[in-house]
Amino acid sequence: MKLEKVALVGSGNWGSAIAKIIGNNVQLYPEFDNEVKMWVYEEFINGQKLTDIINEKNENVKYLPGIKLSSNIKAVPDLLETVRDATILVFVIPHQFVKGVCNQLKGQILPHAKAISLIKGFDVNETGICPMTEVIAKTLNINVSSLSGANIANEIAEENFSETTIGYRVREEGELYKRLFETPYFRVGIIDDVIGVELCGALKNVVAIAAGIIDGLRLGDNAKAAIIRIGLLEMKKFVQTFYRGIKEETFFESCGIADVITTSYGGRNRRVAEAFVITRKPFEHLEKELLAGQKLQGTLTAQEINHVLRRKGLENEYKLFTTVYRIAYQGLPPERLVKEII
Ligand SMILES: NC(=O)c1ccc[n+]([C@@H]2O[C@H](COP(=O)([O-])OP(=O)(O)OC[C@H]3O[C@@H](n4cnc5c(N)ncnc54)[C@H](O)[C@@H]3O)[C@@H](O)[C@H]2O)c1
Ligand SMILES: O=P(O)(O)OC[C@H](O)CO
């Protein structure tokens, strides 16, 4: 039997948590090769290469400290070496880096490789939005599935119970990925809606910024619930406006309502937005100050959404998305959030 060989493109907070799961699961199923290469965007920690530290300690001390990875996870600083012999590419990098990474991978992967994107974000162009699965699929000419859910990486790394959703086009691939990712504490649902799953994951980051603003303003839980409800409606309308064939059920999977809730209470976007209201420091300063190298996705996504809405004359139909953009980029006082969306 030809074995499936997995490569991880990314090793941040979520990338490392998922490496822990994949490292264990490839050893449980005979269809997978036991060695998993993980691409690390190289950096130095106290003069030592992060890749060397990960390989020596089996721990990503910068992005997921205190969590052991199995020794079959091999940190590799060379992107092309990471993917050269892989049949499954797991993309898990902040969305702003995907185009650059894919351009480097062009012509450098196995022709029969396939991919799954765990990324929460999208790109935009003159005509509208470009989901990450489409950027990857078009650049590399391969089939791409998506995985997204109510998944705060640190909680999953601690093996606390959670669920996730895989969006597939080819059912066998959905089932293969379920075996690769599922554990007793990380339950995987699969649905044939690649774009719906991934766009929910991208858009919820903007709702999380609004939720953090509500927290910073100390407006309480009822206000937060209202933001979650309004945000979910805007997410649904946005996805269904820009894409045909998105399933209604997708919004009730982990990638939909559950992710909006978790992100509005426990995520990095929420935390940084709350700090923004309290300190009034710019988001990019707070990202550096509070996230220790991890990346904030919600403000950038608000900007990308606004680019599309403005071009289409739809800003007024998405009041929450538009107001988050104006607060983050145009100096609108956060106190105006509620007034602008009612
Ligand atoms: N952290 C979570 O809880 C979580 C959960 C679910 C989904 N996600 C999503 O997964 C994706 C990856 O998030 P993460 O938490 O693993 O990353 P992260 O926020 O920890 O990001 C930092 C990563 O980006 C890398 N990086 C920095 N500059 C780079 C460059 N120029 N090119 C390539 N890589 C560079 C860093 O080396 C590091 O690995 C994001 O889309 C995020 O929204 C995150
Ligand atoms: O920490 P955040 O805000 O990037 O959110 C993390 C996950 O996406 C929550 O599901």
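The backbone N, Cα and C atoms fix where each Cβ goes, glycine too.
Automated prediction, rather than curation, is the source of TrEMBL annotations.
Binding of substrate is attributed by TrEMBL to Arg268, Asn269, and within the candidate set Lys114, Lys120, Lys138, Lys178 the record adds Lys120 to that site. Cα of Lys120 (substrate binding site) to Cα of Lys204 (active site, proton acceptor): a distance of 9 Å.
In the three-state DSSP classification, Trp14 (NAD(+) binding site) falls within a helix. The substrate site is set by Lys120, Arg268, Asn269; from the centre of their CB atoms, other residues of the chain with a CB within 8 Å are Asn205, Ala208, Thr263, Gly267, Arg270, Leu296, Gln297, Gly298. Under DSSP, residues within the domain 'Glycerol-3-phosphate dehydrogenase NAD-dependent C-terminal' (193-338) fall into helix, strand and coil as 119 helix, 0 strand, 27 coil.
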